[in-house]
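The next block holds one structure in the form of structure tokens; read it before the comments.
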């Protein structure tokens, strides 16, 4: 964008905006929605469906290149495309065998339609990109796409996803489900009244919880309705406030001043100077909560000893040994028993490197893709991108311990074989595309050639073959 504004003469930023602003605006919207629809589809359908259906971009690119760029293909090109798609079939088969389908999807048909729509828009965007970088300017394309893409992406975020943005947990995430489900209704009414809540508000809350029913949905369907007679409503904005009232009243007799006792949602931190004091305070909390219907989780309760001495013993709760840890994560930070913060610093550095790496990859993709498309074609690039899922899988083998299958390697080499077959012969252009004149000289459509000089025959490149200007006889 900044580079475009520095170019003098006809092709500076203002001249480009004046002549072709609405065309780049449409192209920017198409590119944004292509990304949005495919990513959105992961919420509704399976990974396998996305891998299969996003291959729809290849026939879209072939058809659009045929009709609008006048590119003509030979039999060997269709054979190469077929071999590449066969490689995708091997990859999907491997995913099924190793159980990497990642869920059944809640609305599979909707997700599949979103993938098809996104793949179609990807095809339109790639063909338009090929035309622009081969006939106009790569700098112009990147500048205009960055300008209009950022503008419309911000508008879409503000209109469609502002609520989801507000729900993002930027610092920590605390699971309240178990604690919420165990709050007895009678204790809730008692604690509200004891806290001084007006009777009319107590009755309002009672009306909200009276005769409440729910269902459970799973992979095979959903259950019949059943009554819910205990616990707080999940997802209600009022529930955290009600839970705080209950915990405040139930812990009134055993709670100490900070920092010896700190309460965070459904978690309680107890600090003491000796093991005996920890056990005593832990037992007092257990008795105070469990006699009123609450329950202390034995599996999640942990303790950490700072500057531990030999023979300090272990902490027990009702005769059962409590799990001992050397560190734990709380409120987004890692607390270590030796008082150091090296792991916390390392974790934050790694998180920063992940964001930097992701940004660098996206910058490289959008910067180099126009270069590759200019030297080859949109079809060749999309065939090459079929290996992207395999690269992510190979990274997952080391980072996330994905299961390996020999079919993944077979898929990779089959796709590469298809690329070699496709690139073994060059495509050709049937005639010069007249759309060049219409795109560049929108303000002066009566001219047959652009202002910069006579129109050169459009040349289509393959990834490995040589350029050919004339239609073969």
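The backbone N, Cα and C atoms fix where each Cβ goes, and this holds for glycine too.
Just so you know, TrEMBL annotations never went through curation; they're auto-generated.
Sequence annotations record features per position, and here TrEMBL assigns domain 'Reverse transcriptase' to 1-335. Sequence annotations record features per position, and here TrEMBL assigns region 'Disordered' to 450-473. Marked as transmembrane segment by TrEMBL: 51-69, 75-97, 139-159, 353-373, 379-400, 407-430.
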Same-chain residue ranges lying at least 6 outside the transmembrane segment (75-97) that approach it to Cβ under 8 Å: 47-48, 51-52, 55, 58, 62, 379, 383, 386, 389-390, 405, 407-408, 410-415, 417-425, 427
Six or more residues beyond either end and a Cβ under 8 Å away: which residues meet both conditions relative to the transmembrane segment (51-69)? 38, 81, 84-85, 88, 91-92, 95, 112, 115-116, 118-120, 122-124, 126-127, 130-131, 377-379, 382-383, 386, 389, 429, 433, 435, 458, 460
Stretch-averaged pLDDT - the domain 'Reverse transcriptase' (1-335): 77
